[in-house]
Structures are given as C-alpha cells and as structure tokens.
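The block underneath contains the structure these notes are about, expressed in structure tokens.
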Amino acid sequence: MIERGKFRSLTLVNWNGFFARTFDLDELVTTLSGGNGAGKSTTMAAFITALIPDLTLLHFRNTTEAGATSGSRDKGLHGKLRAGVCYSTLDVVNSRHQRVLVGVRLQQVAGRDRKVDIKPFTIQGLPTAIQPTQILTQVVGDRQARVLSLQELKDRVEEMEGVQFKQFNSITDYHSLMFDLGVVPRRLRSASDRSKFYRLIEASLYGGISSAITRSLRDYLLPENSGVRKAFQDMEAALRENRMTLEAIRVTQSDRDLFKHLISEATSYVAADYMRHANERRIHLDGALELRRDLFSSRKQLSSEQYRHVEMARELAEQSGAEGDLETDYQAASDHLNLVQTAMRQQEKIERYNADLEELSYRLEEQNEVVEEAREQQAENEERADAAELEVDELKSQLADYQQALDVQQTRAIQYQQAQQALERARTLCQLPDLTADNADEWLDSYQAKEQEATEILLMLEQKLSVADAAHGQFEQAYQLVSKIAGAVNRNEAWQVARDLLRDSSSQRYQAERVQPLRMRLSELEQRLREQQDAERLLQDFSKRNGQDYQPEELESLQQELDARIETLSSLVAEAGERRMALRQELEQIQLRIQKLTTRAPVWLAAQEMLTQLSEQSGETFEDSRQVTEFMQQLLERERETTVERDDIASRKRQIEAQIERLSQPGGSEDPRLNALAERFGGVLLSEIYDDVTLDDAPYFSALYGPSRHAIVVADLSLVREQLAGLEDCPEDLYLIEGDPQSFDDSVFAVEELERAVVVKVAERQWRYSRFPEVPLFGRAAREMRLESLRDEREALAEQYATLSFDVQKTQRLHQSFSRFIGTHLAVVFDEDPEAEIRTLSSRRGELDRAIASFDGENQQQRQQYEQAKEASVQLNKLIPRISLLCDETLQDRVEEIRAELDETEESARFIQQHGATLVKLEPLVSVLQSDPQQHEQLQEDYAQAQNAQRQAKQQAFALTEVVQRRAHFSYADSAGMLGENAGLNDKLRHRLELAEAERTKAREQLRQHQAQLTQYSQVQASLKSSYDAKQDMLKELTQELQDIGVRADADAEERARQRRDELHAALSTNRSRRNQLEKQITFCEAEMDSLQKKLRKLERDYHQMREQVVTAKAGWCAVMRLVKDNGVERRLHRRELAYMEGDELRSMSDKALGALRLAVADNEHLRDVLRLSEDPKRPERKIQFYIAVYQHLRERIRQDIIRTDDPVEAIEQMEIELNRLTEELTAREQMLAISSRSVANIIRKTIQREQNRIRMLNQGLQAVAFGQVKSVRLNVNVRETHTTLLNVLSEQQEMHQDLFNSNRLTFSEALAKLYQRLNPEIDMGQRTPQTIGEELLDYRNYLEMEVEVNRGADGWLRAESGALSTGEAIGTGMSILVMVVQSWEEESKRLRGKDIIPCRLLFLDEAARLDAKSIATLFELCDRLEMQLVIAAPENISPEKGTTYKLVRKVYQNNEHVHVVGLRGFGAEAPDTQEQAS
C-alpha cells in the first residue's frame, strides 16, 4: 500500500517574532491558537510563501479584506520579515519516504516600494537527525546564532555527503520538482496554473465560499479534454489542408499549361542568357588568354628586339669606336703617307744637299789647302821677317858691344867687368849663389851636359817640328773630316775616334747594304702582322658572335662541326616546309571535323539529355539500343505487377479503415446500432462504464466479459423485456446486464483468474475460459492504443498505396517517354560523344597550333642558326687560311726585331750615305791625326821652350863657360879695354847690319803681299765655309726634320704607306657601310620596337580591359554560379546544346522568351517586378534570381504534399501523373476525415456523461459533510438548454444543416458556430469569430453549468451562497468544495505523476473559531477520511483532544519582539505530549 506524502514541519528563520522556529505539522490538523497579532497569520504566510513563491500572486490580507481587490502596499509580506536573510522551509516526506526540504530565502529590498527578494531552493537527502534550524543557522555563542546566507547554506550542504542542494531561477522549475516529488497535487506549468493553485489556497485560508472558485468551478473540477480538442483541431487542420490541397490541385490543373509555358519560357529566357554569358565568358577567357599569349609573345619579341637592339647598339658602338679608330688609323695612315712623301721630298733635298755638300766639301778642301799653303807661306814669311828682324837686332847689339871694346884697357876693364857680370849673370842664370870662378869648371861640366841634352831635345823637336810643319795641313783636313763625321771631338781623341770610325765603317757599309733586304723582310712581316691582327680581330668578332672563346687550333674542328651543322640545318630547313604543310593539312582536317561534330553535337546532346532523364527516372544505365528495348518490356511487366500490388494494398487499407471507424465510435461501441439501443433502453454501454479502465487492466476485463463486453447495462431488465420483441436493427447477439450504471462493479460473474486468462462461471453447468487478448480493445486507453497502431498501419499502407500508384503512373509515363525516345533519339544517342571528340580534336588543334607556332619559332630559329652558321662558316673560311698566322706568336717579336735591325741598318745607311765620302777621304789621312794640330803649336811651344831651355842651358853653359873663360879676366881688374882690336869687327858688323836691314825690309814686303793674298784666300775659304756650313746646317735641319718625321724614306715606304692607307680606307668604308647598315637596322629595330611597344601598350590595355571584364564577369559569374548551385538549377540552365549557338541567336531566343514572359507574368506583381529587374544586361544574376523566383513561385503553387519533388520542372512532369490520383485519394481522405455531426454530438455527450459520473463519485465523498444546519453538500451538474438543443440537432437533424457541414469554405468549427447562431439568433456573439465560437462549442465544459448545493434545515437543497449560510456553514461548505477540487486535481494528474507517488494534501483555515464543535468534528473527520492535512488558526484551542495545537503569545522584551510558542499534541487517542519553546 502506497502511503500519501506528508508535510512534517514548517520552519521560520528571522521572521517578525520568529528567529528560528520549527512547527511540527500534525498528520491531520495543526492548530495555531493565540490572540490578535500573536503570529498565526505570519506562520501561515510563511507556509504559503514556501509553497508558492510568486510575488505576483502573494497577497496576505486580513479577513476584513476578504473581498478587497487590493491590500497593503507590501502585500502583507514585507512587514512580516526582519532585516537580513530570512528563510521559510517545509520539511516533506513523500510516498517514497524521501525527505525533502523545500523553501525560500527572503530578504527585504531597501526602498520605499517595500519589495522582497525571494529565492526558492530545495535540499534532498538531508539526514532525519538534522533539524532545519541546524542547517539554516550557525551557533556563535551559548545563546546566540547567526542566520546563514544562501551561498553559505549551499556551501554547508555541499560539504555533507549524499545531500543535494538546488537553487532555482524560475518558479516553474521549482514547482516542477515539487510535483515530481509529490509536494503539490498538479503540475503547475504556467502562471495560470499557479494562479489557480494560489486562489485555491487563498480561498482555503480565508474560508467561506470563494466566488473566484465557484464562478470558475468548471476550470477547477472539470479536466480539459485536450485529446478531444486536439483531435478536432488535427481533424480540422487535416481537412483544411486536404481542401487546400484539393483546391491547389484544381488551381494547378487549371494553371498547368501556364506553368509549362512559364517554366519553358523562363528556361529559354534565362538559359539562353546564361549560356550566352557562359559562351561570352569562354570567348572572353579565350580572348584574354590569346591577348595574354600575344602579350607574352610580344614582350618576348620586344625583349628579343631589345636584346637585338642592344647587341646592334653594342656592335654599332664597337663599329663607331672601330670607325673612330679606323678614321684615326686612316688619318694616321694618310698622315704617314704624307709624312713618307714629305720624308721622300726631304730625302731628295737631303740628297741634293749632300751632293752640294760634297761639291762644297771638295772645293772647301781645295780652298783649305790653298789657304793652308798661303798660311804656311805666310808663316814662313813671318818667320823670315822675324829672323831678319832678330838678326838686325842682334847685329845692332853686337855692333854696340864691339864698339865698346875698342880700347884694350877698356876691353880688359870691360872683360873684368864682363867677367864679374858674367859671374853674376852665371850665378843668376844658374841660380848658384855659391858659384865662384874657382868652382865654375865643376858646374860647367854639368851645365854643358844639360846644354847637350837640351840641344838634343831641341834637335828632336826641330825634327818633329819640321815633320809637323809638313803634316800640319793634312791633320787639319783629317780633323775636319772626323769632326764632320763624329761631331765635336777632342783633338786628342781624334785619332782614336777616326780609327773607331774607320773600323766601324766596314760594318756600317755592311749594314747599309742590308737595308733593302731588311726593308723587304720588314714589309713582308708587317704585312703578315697586319694580316694576323685582322685575323685576330676576325677571331674576336667570330668568338663574340658565337658567345664563346675559340683557340686557333680549334677552328678546323669547328669548321667541320659547322659544316655538319650547316648540312643538318639545311636539311631541317628543307624539311620544314613539308612538315609545316603536313601540319597545316592536319589542322584543316581537324577544323573540318570539328565543324561537322559541332553541327551534330546539339542533336546528340538532346538525345543524351533525354537518355540521362530516362536513366535517372529508371535507375538503369543503357549501353546500347537493345538494352533500351528490353527495358521497355520490363516496364510493361513491372506495370502489371505494381498494379496488382496496389490493388492488394488498397483492399488491406479499406479493411483497416473499417476497423478504425468501428473502434472510433464513442463509448467504445464497435457497432453504432448499440448506441441507439442504449439510448432507447435508457442504459449505458458496458464499454462506456469501463471506458476509463487502465491499459494494464484492459486485457483482464476484456477476458472477463468476453463476448458480453459490448453489453448494455440497464437499471431494470424487466423494463427492457417488452422492447426486445420489436427489435429489428440490432446485432446478432445483444447482451443486456442489470445494474446501476453509476455504481457498477464486476460482481456479476464468478470468476477465477489464471495465468494470462480467466475462467468465468456463467452458470452452474457452463464455464467460459477466456485468454487475455494480445490486443485488448476494452477501455478507452486500449482502444486508443489500438487505434494508434491501426492509424500507423493505415498511414503506412496509404503511403505504400500512394507509392505504388505513383509507381504505376510513373511506369506508364516512363514507358511513354521511352517510346518517344526510341522514335526520336535512338538512332544517334549511342554514337560516340561528339563533345569528347571535339575536346580531343580541340586539344589536338591546340597542340597543332602550338606545334605550328613552336615549329615556326624553331624553323625561324633554325633559319637564324643556319644563317648564323653560314655567316660563321664564311668567317671561318676567312680565318682558316690564317690559322698559321694566328698561331705565330713570335711574329710581333720578329717584326720588332727586324724593325730594330732595320733601324740600325737604316742608321748605318744614313751614316754611310752621309759620311761615306768623308770616311774615304779620312782613311788615308788617319795617320796624320796621331799628331794633334794643337800639339804642333805645343810642339812649337815645346820647341820654343826647348830652344829657350837650350838657349838658357846654352846661356848658362855659356855664362859658366864665360866665367871659366873669364876666370883670367878676374885678374883684369885693373886692366883697360882694348878698343882698337875690335875696330874691324865693328865694320863687319855694320855691314851685316845693313844687309840684315835690307833683308828685313824685303821680308816685310813679302809678308804684306802674302798677307793680302792670305786674306783673299781666307775670304774665299770663309765664303765656302759659310756656304758649306749653311748647307750643312740645312742638311742637319733636313736630317733632323726627317728624323722628326720618324719615317724611313726608302723606295718602298711610300708604296707601303699608300697600300696601308688604301687598306684602312677600304676597312673604313666597310666599317662605315656596316655602321650605316647597323644604323638602318637599329632605326628599323627602333621602329619595330616602337611598333611593338605601341602594340604592347594596346595589348596591355586590351588585356587589362579584357581581364577587368573577365574579373568583373567572373565576380558576376561567381554570383550567378553560387545562385545556380545553391538553388540547384544548374542542370536546367546549363543546356549544352545552346553552347553551339551564336550569341545573336541566343539573344534573339532570350528576347522572344522575354516578350512571352511579360505577358505570362502580367498578373503577378512580384514576378513582374523581378522580370523587369532581370532585364538589366549588366546584372546577369538578376535573371537567375528571376528564374529562382519562378521556381519558388511554382514551388509555392505546387505543394510538396501533391508533388514529391522540389523541382518545378519535374513537378510539372509529374503533375499529370499525380493530379488525378491525388484528387481521387484526397476526396476519399476528406470523406474519411470528415467526422459526422452525429459523431461529434455523441462524443460531447459521452464526455459529459463521463464527467457527470465523476462528479457523482466526488459527491459521494461529500454526503457525510455537515456544518451547523447544513446536513449535506453536493455539486450539481446540468447541461445548458441552448447547448442541449445544439446536441439534439447535431445528432438527429443534421440533414437539415448539411449546407454548413458540407461546405468546403467552412471548417467544422465554423460550421458548428454558424449552426449555434442559427439555433440561437437572440444570443449576441460579440466580436468573436465563428472559429473561436466553434472551438468553444467543441469544449464539453462550455456545455455544463455547475453549482454547489447544500441541504440546510427545512429549506432542503439550496444553492450555496454566503448570504444564505452562517459564517461557519460557509467555511465548512467552501472547505468541502476545495477538498473536492484537490481530489479532482490528483486524479487528473495521475497519468503525469509516478505510480509510486501520492501527493501531499494540505489546506489552511484562518479564524476557525467561527465553526462550532460539530463542524470542527466534521472537518476533522473529513481530513481523516481524505488523508488531508489541515492548518487552522483560532484565538483559542477549539479541539485540544485531536491533532496538534500551538499556543502563540507575542511578547516584547527589551525592545525585542518575539513569539512564545507552546505546543500540545492531541490527547483524545493517546497521552498528551506538551512541549514549549520560545523563539
């Protein structure tokens, strides 16, 4: 036996007067007694707040405010709390013996609005030993405690093992948990449910008959039949949808051609533009790629031209530099030629001057000889004149001396004097101061020897002098010759120089003889050197052109390679034309083939599109025509099989629908005739009585009653007996059972229950064994379960039927499509894919184009290589003969060596040429140079010195001899000279003096003559010398000029210079022609580059424009593709056959479709606007949006419950298949769904009867309730008269109003409302719509009127009104009604709650003192019988012997207010238990 949950205690923490107080609640009645303001209402308010923590509902007022709509500002809660955290908790033990602490944390909110903050929470699993106050407070001293905050409470609870704390943010969650745990009687899902519960508690608290309860007693007592309402709503929705679908089908049938036209024209309009844009995009892409290729090729060509221009500019610079060098060389060569010519002229002048000089030299030599001879004669004359002069002087001196010695004495005296003079003179001359007459002999010998030596020297010098005098002229001539040859030479070195010159003259003459051979050799070598330089220049040019350095030794092998390469390139160039022609022919063939395939491709694509559709529709793949024809035969067989299966499903479906219709009868009557019989007999169907039987009990009762489960229960069988005789329309077996339908039980049969079966003793000798049915149908729950399974099965069969019907239609359509396909496309569909072949051929064409372009490039490159190779070969042919020159590394050295030798030989030649004759003249005179002409003078001086020395020696010897001779004279000191002895000598001397003077005069005359002649000769010599010197100077100048010219003026020099000049002129002309050619080529190249740059700029501009168009088109195209793919219309729009049409054709196609579309969408504003927007050619995505809008429009028009596809095109294709089938099926479905008005009336009546029976059962519990004069209380339930009329018309006169119920424009609810208005025209419906009124009429509660009646005194049964009853009677009557409501709620929520949970029952009653003792006892009895807890408040203990009583006294102590509580347990049945506690 499941026990009912109970409230164990109520705990208040920090309430006004209650710091921490727990009230243990009695299992029946808990009484709160005390005076006014003791805290009774506060305690109940705390209980109600913990039970319903909704500030929008809580309003605690006094009983004096019972009728008021508003109370105090704080609604009675704020003033009951103290500052800080407050708690109100309920300790509950439910049917599962689970202890649950539910409560709220309250806290005053500061402010003038006096608000209160409430937080609900629960604590589960709290041990029994722990009291709520222990968990909510914390002891801080011996007599002090602190209230915990909610967070601290949560932390403390979480520390306990097995205890759960849960805080709630919504009251719904809080009440949901309380319902699941059995704390509240019903699930409070919404604020309306909470309001009803609060109104119930409030009515109980303040007592009396609550008008809020009685006015809406139906809402409190009668459960909402949501299942019936939902069934009606679902039925109406299904009917509405069915009718809308049928209407949509009819509209679709009427609009089918419009749909086809719209989708066809929209597809043509958009697909043509889509494919045109696709084609243009491809064309633009190809154009952009072509422009990019042209751009790249032009850039490459420009780069090549720029490289060529750079190379030519470099070559031009080189040529210009070379031209400058050549011009310089040419100018130098011209200048050299001029110099050579000048030198030749100079050489001629030099030769003339040389000839003149030779002649002058010869004349000058002759004149020199004449002058020399004249000078010698002059010298002789001078010597003779001097001798004559000397002789005159000596004679004069001698004459004078001899005159003085005329006297002997005088002579002796003179001799002595002379001896003395001689001695002094000897001493002076000999520088002998010691000389005396005595030692004079000794000194005389030595001085005589000196005199002898001096004489010998003088003789030798005289000899030399005579010889020198003889060779003096030749020496001067030879010295002049040496000076002429060697320049200024020391006279002492003249002989050595002359010897060297004569010795070198032979080699000089040999070298001079080698000049011409060396010149020829040098000319030859210089020619070879120039050729070598030209060859090196050619080799450098060749290497530069070929980009590689070559050695001369490699040229022969390179020539062989070049020859082989030229031969190869020549063959390649020769083959290039044939190869290119072959490629061109293949390209033309491919283009012709592509044209043919392009013509055939649309036909093949259309066939493939049809084949793809057929493959998608059939799910098969077809490889050849045989498979297509075989599949057509299979389609015929499949159609026959599917038709048979569909008919079988239809039969099964009809059977199930019959079962559903039979089980759907009201009251569980499978035969509608039984309802009529039950009404006729005034009975009730047994199935109706057991209509509320649970699903678990249904098999038992079904087996218990067996075939009689469809019996009619009547109150008296005898009254029915007479009516049985005339029965015609009734089942074959009709069971009648006597019993009270209001209190029927199953005691009719003696029954024994077995395992899944029962044995029923029908009579003494008749038993019936019935097994529990596998699918019970007894009771509403069993029938609903069976109906649900049957409906599911029916839905499955309906779906199968629809699928099979669709398959049949689809197969038929598919067969027709195959027939059309065979007749139209079978001939071409299995051909090879022309597009694949086109792609292959296009790829091959691209390869051929690239091959031809590459081939042309390679051919051009080969031609260039061929030309380069030929040019290189030509250069090599020039170089090959010069390899030996290139390899001759010593040529330059030899040229320099020969040039040095030639310089030497030319120098020698010039020397011989200049001095050859002089050397010839010098050769016989060289010996005379041994004596220097200046040495002749020296010799003369030496001779004069020797003569002086000899004279001095002679004088010294003479002086000594005179001293020696006059040694005797020293004795003549006293002698006188003898003058007479020398008289004859004087005469001789005079005579000789005369002769000498005459000779002297003659010599002087001759000297003057010779002097004049010498002067003449000297003048001639000077003239010749001057002329010779002038010509010599001129020759030197000419020679210097020739040397300054620096060229050799030989016979071949001019020819070589002219040849060199001509060669340089030719090279310069060639260079200039090459430069002019390069300039022309550079000009052409620059023009080509300018053209290419202009072309490049144009290409770049066109490419960027094209690329911008492509990018812009790509952005638009991406938007288009995104729209297309996101909406799945690519397959419809990407019609490949349109890709082969021209843009103008596609534009024309789109324009034609546009015109048709304008007419087609003229009545549709949305499509018309979208179509107008789509006409913008710059926004192609808008056409797609229009197509999508058309699709969406068609999707909306073709609903998914009609056509099973999202594609309107496929929907249109399926439409003809589906429309007829759906029309037929939906018509049948409407007939099936449309419930009859009689059925509706029966359902409402049976529901009313069921609820009336339930109210009667509730009334049985109120029969023993008595309060004061009230002996009994009951609920009276009556059907309203207007609604009874409506039910009668629905069940019996529905044919009269079929215009309402058969109208497709009205739902059943609207038709019901219209019928109600038709039956009750006097009733004002206000602003409510027929649908709202109809929905109200489908709710059975609106058919009933409920009122509370009391049996009071002599008045009998009266309507319970507060005015007709005393306060106690009203309180008791109201409490009875509330108990009935709570009990009704529990039964109503039984299915929602766990089977092992029976909820707590608790009500309140304030001011219970108004009840008398009998009423109190009745109330206590009611609580005991209904297992209900009651909390009452009274000024005094009204029933101390029962329940638990708390005496509350409010006291004030030291400005602190608290309530003193004394508890007393009832002593009527057990010993009293008194407890006292103060808080």
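Each Cβ is built from the backbone N, Cα and C atoms, and glycine gets one as well.
Proximity of GLY37 (ATP binding site) to non-local residues of its own chain (separation of 6 or more, Cβ distance below 8 Å) is seen for ARG1450, given in sequence order. A coil conformation is recorded for GLY37 (ATP binding site) in the three-state DSSP classification, outside any helix or strand. Look at Swiss-Prot and you will find GLY34, GLY35, ASN36, GLY37, ALA38, GLY39, LYS40, SER41 tagged as ATP binding site.
Among the features that Swiss-Prot reports, coiled coil is placed at 337-418 (among others), with the record citing sequence analysis.
The coiled coil annotation in Swiss-Prot covers 511-603 (among others).
The region 'Flexible hinge' annotation in Swiss-Prot covers 666-783 and is backed by sequence analysis.
The feature coiled coil is assigned by Swiss-Prot to 780-810 (among others), with sequence analysis given as support. Here the coiled coil (780-810) has a mean pLDDT of 81 out of 100.
Residues annotated as coiled coil in Swiss-Prot: 847-1116 (among others).
Annotation comment: Swiss-Prot describes 1206-1265 (among others) as coiled coil.
Each residue in the region 'Flexible hinge' (666-783) gets a DSSP state, and the totals come to 45 helix, 26 strand, 47 coil.
Of all the binding-site residues given, namely GLY34, GLY35, GLY39, the one with the smallest number of surrounding CB atoms inside 10 A is GLY35. Highlighted in sequence order, THR42, ALA1433, LEU1448, ARG1450 have their Cβ within 8 Å of the centre of the Cβ atoms of GLY34, GLY35, ASN36, GLY37, ALA38, GLY39, LYS40, SER41, the residues recorded for ATP, and are not part of that set. Sparsest Cβ environment among the binding-site residues ASN36, SER41 (other Cβ atoms counted within 10 Å): ASN36. Under 8 Å, Cβ to Cβ, and six or more positions away along its own chain, LYS40 (ATP binding site) finds LEU32, SER33, GLY34, ASP1406, ALA1433, LEU1448. Counting Cβ atoms from all protein chains shown, ALA38 (ATP binding site) has 23 others lying within 10 Å of its own Cβ.
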